[in-house]
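Q: Below is one structure. I have some questions about it.
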Amino acid sequence: MGVRGLTTFIEKNAAVYLKPHELHDTKLVIDGDNLCVQLFKRSQKVGFALGGNYDAYYRTVVDFFDMLQLVNVVPYVLLDGGYESRKIAIVRYRMQQRILKMKGFHVPAINSATPPMLREVFVDAMRESGVAFMRCAFEADDEVAILARKLGCPVLSYDSDFYIHDVQYIPYVTLSSKVYRKVSDREGENFKVGIVERKQTKKARQRGDGVKYIAQCGDQDVVEGEGEVETYSYLDCCLYTIDNLTGPHDQLGKEMIPLFAVLLGNDYIERNVLRAFYEAISTGRVNRKINQQERRLKVILKWLQNHTFESATRAIIRHIKGEQKQQVYRQILTAIRGYNCEECVALHYFGLQDQTAQETPLEDDEIERDLQTRLGAIADGEETMEETVDEASFLDSEEEEEKESTSNEGQNEKSKDDQEDELSRHNSCDEEHDKDENDLLQEESDAEEIIMDGHEPLIGPELKRNKFTDRNWPDWFKRIYSAAQVPRFLADLIHSNLYINYPQIEDVKRQDSNRLSGPILRTVFAILKTSFKVKTTEFKYVTRRVPGTGVVNATVTDACLPAGVEYDPAKLPNVTILRKLFADAGIEKCDELFETIRSVPSNLRLYFLAIIYWAKNCPDVNLAYVHALVVCILQLQIVDKALKSLNRNVDQFRQAHREYLEQQRQTSKTSEQSTAMPDVAFNRTFYNKLASGTSRASALLAYDHLIQHFSYKEEEVRGRRKMWIEAGTMHTLASFQSVCFNLYALTPLLGYPVENLRMHELYNTLFVYNVYEGMKNRADLGEYERTVIFRHSPTLYAAVCVMVRFVESYVPELKGRTVRAKTGKAAKRKEQPVVHVQPITVRPANDWDEGKKDESSESDDGEGYVDVNNKFSQLLLAG
C-alpha cells in the first residue's frame, strides 16, 4: 500500500531509526510480491529484461533463497492476491504511467516494465528451492505482519507500511548479498569475521573452507585456540521496530500509530482530502533543505504528541469536508482493525504454532462500537485545533536566516503537491468516457449509527465498510489459489468480475496484445463462475485506450463454456474444454494435434500448443518467429544444460574458450555430417536423443554464435549510437506471451491435462527478439541456420527442422506470410523496403563482414561454402 514519504524520512535518519542486525538462525516472513520486484531489479544487472528475462530472473531468485539457507534462515513467503476496489484508482494511475513509458519505445524507459509471467517464475523458483509460500486472497500486508508477530520473527520487505506495523522489519535494501562467517568466544568480546565463498561444495562449507577473513577484534589466540568458540554464518542488515519511532526520540504512543498512518496518507486516501487539516496545523516557517512531505511528517509527529487518541480523531474529522468525512473515518477504522486483527490464515496453512500469548481479538463491530464510544465521550471543549506546532523546535536552526525566501519556496512546493493530488485524482485520460468507473469502486454498505458532534453529524449514516473476503469462493479454487498454482488475477475475476490488463511492452497505436487471448480468458471466467448460483457471463476489462495513452473500461460479454461442454471440478483432468478451445480457434486438424501432442516431451506440450494457437490467430506471425522461438528452446534446454555454465558475457566467454573453440572448429570440418532435413517425428524419443547426444563441444560451438543474442545491440543512426527496438516485433511477441499467460491460468483449472509452462526453461524475450531480427529478411531460413548459426552443430540444426515442421503441419499458412512493413519513424530511420520471407528474389543481406569477424578461422582455411542469403558469398571461392 505504501505510506507517502516515510521511507525517505527513515532513510535520511537511518542512524536513529535503523539498527545494525545479523540475520541468521531464525524464521523470516517475506512480503512475496515486494521481494519478487526487488529481485527482478537485481536480475536486470545481468542483462536487459525487455519483457521477459525469465531464465536470468529464475537464477536470481534461486540464488537468493540458497543464500538464506546458508545462514539457517527459514523463509515463509506470503503473496498478494486480488485487488480491493479501493485500490483500483491507484492501479489505473500506475497503468497510465506504464503506457506513457512505452510511448517513446526507448529501451531505457521501458526496460523496468515487469514481464507478465514474472510472479509465476518467482513461484517456480520457490518450489525449486523448497520454500514455504501462500497466496493471500487479497493484499498480504496485514497477514505478513500478523504472522511475523505470532512467530516472533522479522519481516523482509521494502514497503513503508511496515514502518508503522508493530513488527521487526528488515528493509530489503539494507540486506547484504554477501554471506559472512563469524567466529567468537562465548562473551562475544573476541571475534573475527570473514566472507563465505558461496560457490563451493556442501562439504567444504561444513569444514569452513572458502572463507576469507576480513576483520578481527580482540585476542586472536582466544578465537583460534582450543577453547569454546561460537561459529555461525549471517547476513548483514538493518532492523527496525515500532519502538524506534515511538521511543525516546519522538514519544508517540503506540495507540496513535493508526492515526499517524492515516494522516501521512497512502494509496487509499488522497492528500487533498486532508488539506484542510494540514493547513490548520501548518506554520509559516519552513526549511528549504527539507521537502514538503518530510516537513508534513515532522509536523504530524509533533502534533500527535500533544493529543490523546480521542481528541486527535475528532479534531481530524471536524476539519474534513462533508462527504469526505466518510472516507477518513473509514481509513481510521481500517487502520485500527489492522492493528487489532490477530486471525492468521497463514499460520494454519503452514502448520505452525503460535508463539505469542493468546488474546481474543475484538470483532470488527466491537472495534467500531468502541471507537464511537470513545469519540462520543469527548466534551466539545476538548475539540480544538488551536494547538499549533512551532517547527523551529525540531527543524534546523539555519532556517531563521532564510525565513522569507524559504516561505516562498514552501508555497511552490505546496503547489507541486496540489498538482500531484490532481494527477492522482485524474489518473486516467478522458475520464468522461469511463462512466462505469463507479461500478468498479462500488462496495457493500451497511447503515451505521450516526456519530454526532453537537447538532451536526460527525459521521453520516451511510458508512461504507470494506468486506472483501473469500468466503464465497469454492473450496476447490481456494486450494489451488492459496498454493499459487494459478495467477493472482483470477481472484479479481471470481470476486469482482474484473480483469485488469497491465500492458506489456507493445505498440500503443495497436489494439492491446491481450485481445488475441480473449477466448482463453473468457473460458477461464466461465469456469470460475460455474460454482455460483447466479450465472454471470460478463466482466469488466480494464485496458489501455486506442488510440491514446489513457485507460478505458470495456465489457466482455458471452463469457461462457462452449455449447454441450460441462465443467465438473470433481472430474478432472478435463481435456475436452482445451480441445474445443483450439477447434474454435481455427485449428483444422485439432483432433490429430491433441493425439500427436501426447508423444511430445511433457514439458513442451503446452508451449507448442501456445505457439500453434498464436501462429494461427496472429496474422503478423511468420516462419521467422517460429524459428526464433525454437532456437530459444534449444538454447535454454539443450545448450545451457550441456555447458552447465551460464556466462552471458560475449567477450569473457570467447576469451575463456578461444583455443578450445578453434580446435573444435577444425575437428568439425573433418567430420561433416549429413545436412539433409531429417525425416523423423517430434516426440520424446527424438528429444531425449537430442538432449543426451549433444556433446559439450557441439554446444560450445553453437553458443559461440548464440551468446550475442542475450545482449542488446546499439545501432548507429546518423552517426550516433542509439538504442531502440522495433515496435511491431515486440507487439507480436507480447501477444505470444499473452497466450502463454492465459493458458498457464487455464491449465490448473482443467486439472493439468498437460504439464504447465516453466517459462524460464523456454523463453527469453531479448534472445528471441534478436534472433528474429537477425533472420527475418533471410531468403532461406533453414540454410541460414545450417551455414551460420548451427554450422558446427548439425544435431541442433536437425532439431530446429523437426520442431518447425511440427508447427507448420498445423499452421500451413505460415509459409505464405510475409514480414510486416515498417511504418513511421522506424521505417525512415532504417530506409529499407518491405522484404518477403519466402520468395527467392530479395534484397541481399551482406553479412560477410559479420561472418569474418565471428568466424575468422573459417575464412582462412580455403574451404568455402555458398550462402544463398549472400550474393557475394561466391566471390570467396574465386580467390
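Backbone N, Cα and C atoms are what each Cβ position is placed from, and that goes for glycine too.
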Q: If you look at how TrEMBL annotates this chain, which of 216-243, 272-299, 636-663, 692-719 comes out as coiled coil?
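A: The range carrying the coiled coil annotation in TrEMBL is 636-663.
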Q: For the coiled coil (636-663), find every same-chain residue at least 6 residues outside the stretch whose CB is under 8 Å from a CB in it, and list them.
A: 46-47, 55-56, 59, 690-691, 694-696, 698-704, 706-708, 710-711, 760-764, 796, 799, 857
Q: DSSP says what for the domain 'XPG N-terminal' (1-96): how many helix, strand, coil residues?
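A: Split into helix, strand and coil, the domain 'XPG N-terminal' (1-96) gives 52 helix, 19 strand, 25 coil.
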Q: What average pLDDT does the predicted model assign to the domain 'XPG N-terminal' (1-96)?
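A: Per the prediction, mean pLDDT sits at 89 for the domain 'XPG N-terminal' (1-96).
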